[in-house]
Amino acid sequence: MLKKYLKIYLHFFKMNILKRMAHRLNFFIVIMVVSFNLATYIIFIKVIYGHLNLIAGWDLYHSMLIIASIMIIEWLAWITCGFMNDLNGRVRTGNLDGLIVKPIDTQLLVSINRIDPEDSARFFIAMIVFVYALKHIETPSIAAVVIYACLIICAYLIFYSIIVLLNTISFWVIDIRGLSPLGERLLHISQYPTDIYTGIMRTVFSFIIPIAFIATVPAKVLSGWYDWKLVVESFIIAGIFFYLSRKFFLFGLRHYSSASS
């Protein structure tokens, strides 16, 4: 089954690359825009640390691990599901019908139908940021790197689930263009160590809108500051959010009324 889905994904990835290469100049311009956008992350954080040595116990180089983790999550979100931005347009125009009738899971098709290969630049820039940060901190153990990779998968599942929950509202609210950018806004909030929050806000960003597990917790693993409680919570929250988003999507799909009918 996994091999079948991987083959389907690679087919859509290839088709999206061919679409982009039909307009090569625009494709490379978008890559430059993405790269510039990521550069602003780094410049902004360096400006902040130009005036402060520590923020909630995080120095510049450990904060860079958070930035790199955010870049990886963004990269995964764009090249695997296009931030689910395709769903609202398909519901609004009735083009979702063409995916529902196919003998493949509808959520999978909606997710991979739009893939943005130009956002692969995010991965390469993330690697540069990682190398830069790791040169200035203690080298993490192999075990820490493995745990970090697992937590990045959990972080992706959490973020994917959040954008599925947001975009599934399309089944009831035809135009959700005001809600669609919320996923990106959450990632932008995640670029700051969630240790800066206290009280109710810390609880909200840990369990209700769990952005703490998107970048801060994985970065703590590479920094050697983690405990197993956070690791276990990452897996649990990822499982809960994925389950809820899946159920909510299927619930919305049952209430879908084609705009073309």
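Just so it is clear, glycine is given a Cβ too, placed from its N, Cα and C backbone atoms.
Curation plays no part in TrEMBL annotations; they are all automatic predictions.
The transmembrane segment annotation in TrEMBL covers 25-49 (among others).
Residues or ranges marked as transmembrane segment in TrEMBL: 61-83 (among others).
Sequence-distant contacts of the transmembrane segment (121-137) (same chain, six or more residues past either end, CB-CB distance under 8 Å): 31, 34-35, 38, 42, 61-62, 64-65, 67-69, 71-72, 74-75, 78, 222-223. Annotation source TrEMBL lists transmembrane segment at 121-137 (among others).
According to TrEMBL, the transmembrane segment annotation covers 143-174 (among others).
Summarising the annotation, TrEMBL assigns transmembrane segment to 195-219 (among others).
What TrEMBL lists as transmembrane segment is 225-244 (among others).
Listed as Cβ neighbours of the transmembrane segment (143-174) (distance under 8 Å, sequence separation of 6 or more from its ends, same chain) are residues 69, 72-73, 76-77, 80-81, 83-85, 87-88, 91-92, 107, 111, 180, 182-183, 186-187, 209-210, 213-215, 217-218, 221-222, 224, 226, 231, 234-235, 237-239, 241-242, 244-246, 248-249, 251-253, 255-256. Within the same chain, residues 9, 13, 38, 41-42, 45, 49, 55, 111-117, 119-120, 122-123, 125-127, 129-130, 132-133, 136-137, 152, 155-156, 159-160, 163, 180, 183-184, 187, 190-193, 214-216, 218-219, 222-223 sit at least 6 positions outside the transmembrane segment (61-83) and bring their C-beta atoms closer than 8 Å to a C-beta of that stretch. Long-range Cβ contacts of the transmembrane segment (25-49) within its own chain (Cβ-Cβ under 8 Å, at least 6 residues beyond either end) map to 55, 59-60, 63-64, 67, 70-71, 118-119, 121-122, 125, 129, 191.
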